[in-house]
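Pulled from TrEMBL, these are the features on record:
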- Ser47, Thr180: Mg(2+) binding site (BINDING)
- Asp199, Val200, Gly201, Gly202, Gln203, Asn268, Lys269, Asn270, Asp271, Ala328: GTP binding site (BINDING)
Amino acid sequence: MSSGGIEVSEEDKRLHREAEKSLREAKLKMQKQVKVLLLGSGDSGKSTVLKQMRLIHRVPFSSQEIESYRQLIFNNLTHGLKNVIDAMEDMELEVSPENRDLIPVVEDASDIKDGEPFPVEFHTTLKRLWEDPNVQAAYARGNEAALPENLLYYFADLDRLFDPSYVPNEQDIVHARARTIGITETVFTLRDHDMLMVDVGGQKSERRKWIHCFQDVTSILFLVSLSGYDQCLVEDKDANQMQDAMTIWDSICHSQWFKQTSIILFLNKNDLFEKKVHNSDIKNFFPDYDGEAGDAKGGREYFKKRFARLAQKANAKEREIYIHVTTATDTAMLRVVMAAVEE
């Protein structure tokens, strides 16, 4: 009998004990879990890092996920090549006359279905169009139209992709490109705690959703595409990727939400950056750069200092900021970097 005269049954007591136990366990789990927010502008490589984390921590892709990636890779090939052909008009380039009759095949391409091999009729068509010298000339100017960077990877191995029994390998999945829409949460089990990694879309239309993820953040992993210094945004051809990243970085560093949150900066896509600087002078896009043209090391240091200065201006002395140069498609490199980050 309770003091208020209401009888509490043994079943009620048991349910109460179980509820309290569940609350204690949930609280303990929260204390053992760190929340890492993946931020950055579109095309910075955030989703690639998330896929690499799954490989590093052995969170396998299901057979359905692998099938979805297989379909996505075909989409990346056809839509990516279509994007190149569409961009040629503004570049005052045309597909060579002997290949023009192939254009409608790519323009009318539809997605493949579950279990359907890559249609054999696309194999030669894609190969001929990709090898067209004018298409290659347009792709070399991809920064002007935010052309997909993964085409080089896939077209280098086109015969393998068109094998009827083709199943994507880990690197195929890592290179697959899909715009992140909404919020993706993945939990990784580390040595003594769980890491909840939250990936949110980086394109401008997605950024209004970021505020929903800001509570209880332990660390921010902010990605910048180093190779984006001369590139426009996918969603805004008049905006510069690197300038856009600096604007977001500045607002994150000044945000009241993150005054005591550690921030890790990945200057990503270093492999593409090292190739690009020999043909595209940083000074043409950042006039205050005083290093030598084609100097990848000098360029990296310049961008490191630009981002570090913006963080210092935020006057967050109590916050730690770590900077790493990365290539998110390189699993071995990212394994080493993420081991340091997880410490």
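We number each residue from 1, going along the chain as drawn.
Placed from the backbone N, Cα and C atoms, the Cβ positions cover glycine too.
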Alpha-carbon distance [Asp199 (GTP binding site); Ser47 (Mg(2+) binding site)] in Å: 7
Rounded Cα-Cα span from Thr180 (Mg(2+) binding site) to Asp271 (GTP binding site), Å: 23
Candidates Asp199, Gly201, Lys269 (binding-site residues) - the one closest to Thr180 (Mg(2+) binding site) by CA: Gly201
Those binding-site residues listed as Asp199, Asp271, and which of them has the most Cβ atoms within 10 Å of its own Cβ: Asp199
Conformational class of Asp199 (GTP binding site) under the three-state DSSP mapping: strand
Winner by Cβ contact number (other Cβ atoms within 10 Å) across the binding-site residues Ser47, Thr180: Ser47
Among Gly201, Lys269, the most crowded of the binding-site residues [Cβ within 10 Å]: Lys269
